């Protein structure tokens, strides 16, 4: 086993040859490299599969031995400074490595077909492999310097992949927004690292924690300075994991290809902030108020992400806000000290959300045959509906991921979210109420996405995308609007017009929207073209990863079932995390009383089903359930209560669709303020500073010219002017200094 750990340093570098060889091939042999481009997809999958096998083997060793391994060697040594590099293999490392590799392999297989038509196919796989190297290097790092190096490389990969279609202005702006927002957190992370190095004199985790704990025990540190450094460290995690208030980049990051959203912005990169907090939890727990700050940021993000997901019309942005909310649950768990629950939810959410994103990619892929390549249309849930008949396999797997995220047993997220909800009662009743209420909101907005996408009829075939022109409560344009519209149900209505809970806005279609050429599935069928008027199911190379992730969603929750049976321990996750400490309630074993478990489970599932029921009531097409027509019609009738209810709903949806006006606030006050300062600085530099410099020259020139014309070349004039200057100088001197 010792020999196996000795070779673990190679894990981050195994995927690295792919981007290097692709780059060299495009420079030296561009034609041949492009001709055999699909070979590089195979190479990427093969190398990442090797890492996966290695990671699984190390994880088995971790579970059996309940230990960790660290190897460090000195890179620079002198009398005053030594920099050490190495790698650390512990339960947290092995969990993250398996997540990165398993989800990464599925995404790479999926991308081979999804990106087959794209001219940037090779560039895509080069970026993805380089991201795998960066992320694996991050999770195996043994000190803060290595963490920061790979942290920046991960941010670079995110920038490149979000802006993959950089010719689209929206994508270019999105990658810049993500880059700048993450730079704010990264700058804080760097300052925090330097601050703690100044305190402890070490970057390496074990020495760092030991020295710092001794300093705290002996009361030899300035708690104000230590708290500031800890907040700066936490700022890096806040930005990377899209926590409030640095969450604004994540929804715009959906401008990249959908496989990127599945791997980077759902399962791995956004989990880097959670990983950092989990890695530094022994540090944070001994600093006053930091753990409470982490939990506060987590609970705010939980609620904010869920409410902002309520009114999104873009399927990927809805899933992005869902990711933000679920990451908030993990951050809340870490702030409460529930280390096991946070990592458990990290595992289950990664597979469920990757399944949902790949499913949304399959939906978008099929919609492009009708509406064309336009993200504003192919990702618009208002143009979908009734897809269950056209993409049945995608529908089943998407429903599986939806129910998992809703917290329906026995799917994966039920087990992990239930633990966090139960632990929240031990920490704070207020936080618990918010967390449980948000669980209901999660079920509501996730089932809303499912119903708008798969139920009813294909809305793109209707003139107003609603099926019936004169049925206001049937239209499913409940998410908001593209711009400011006087008659939008999400804005204040005119006094002489009635308010409707559902929008009646009509969206025009392109004339040739229904007749599109089907993109090729494989190179062998490149010349095959067919015209489709309805969406079609994706190719097997896209369905296979979705199916595998569906299996993970079904069974991965069994890793952490929180009860034991006589004669055998079923809680594999607890054995896996045995070297770590559950800071919330340390127990000799992780068994749970069946009665307590069932009581909590019944309550959480009831809340989830209530959210599903409300979503079904509001979004399920009425013609599929005519029995409820009179009930729905009773809610549509006008009256004082109805008008008040509409105003409340319109306000909520307007607030949600406009992202709680946080982006607008940043744009107006931060971006606008910085732009105004830059313009003022430019004006001051060009007009004032340059004006003073140029003014001296101009004045000297004018004075010289004046003297030249006044003197006229006569000596008597020069003597007169000279005496006049002397007399003026003496007069000024007398007036100023005569009092002294």
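Even glycines carry a Cβ here, placed using N, Cα and C.
Because the structure is a prediction, the values reported are computed rather than measured.
Among the features that Swiss-Prot reports, transmembrane segment is placed at 9-29, 40-60, 89-109, 125-145, 147-167, 185-205, 258-278, 327-347, 396-416, 425-445, 543-563, 602-622 (among others), with the record citing sequence analysis.
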Whether the transmembrane segment (425-445) meets the transmembrane segment (543-563): three or more C-beta pairs under 8 angstroms: no
Two-stretch contact, the transmembrane segment (327-347) and the transmembrane segment (89-109), at least three Cβ pairs under 8 Å: yes
Cβ pairs under 8 Å between the transmembrane segment (147-167) and the transmembrane segment (185-205), at least three: yes
Close approaches to the transmembrane segment (543-563) from elsewhere in its chain (Cβ under 8 angstroms; 6 or more beyond its ends): 102-103, 106-107, 109-110, 340, 344, 347-348, 351-352, 354-355, 358-359, 362, 393-394, 396-397, 400-401, 404, 410-416, 419, 537, 570-574, 576, 590-592, 594, 597
Leading contact stretch, 9-29, 40-60, 89-109, 258-278 vs the transmembrane segment (125-145) - CB distance under 8 Å: 9-29
Spatial neighbours of the transmembrane segment (258-278) far in sequence, C-beta under 8 Å, 6+ residues away: 92, 96, 99-100, 103-104, 107, 110-111, 114-115, 128, 131, 135, 138-139, 147, 151, 154, 157-158, 161-162, 164, 233-234, 236-243, 250, 284, 294, 316, 319-320, 323, 327, 330-331, 334, 339, 342-343, 346, 350-351, 353-354, 356-358, 360-361, 364
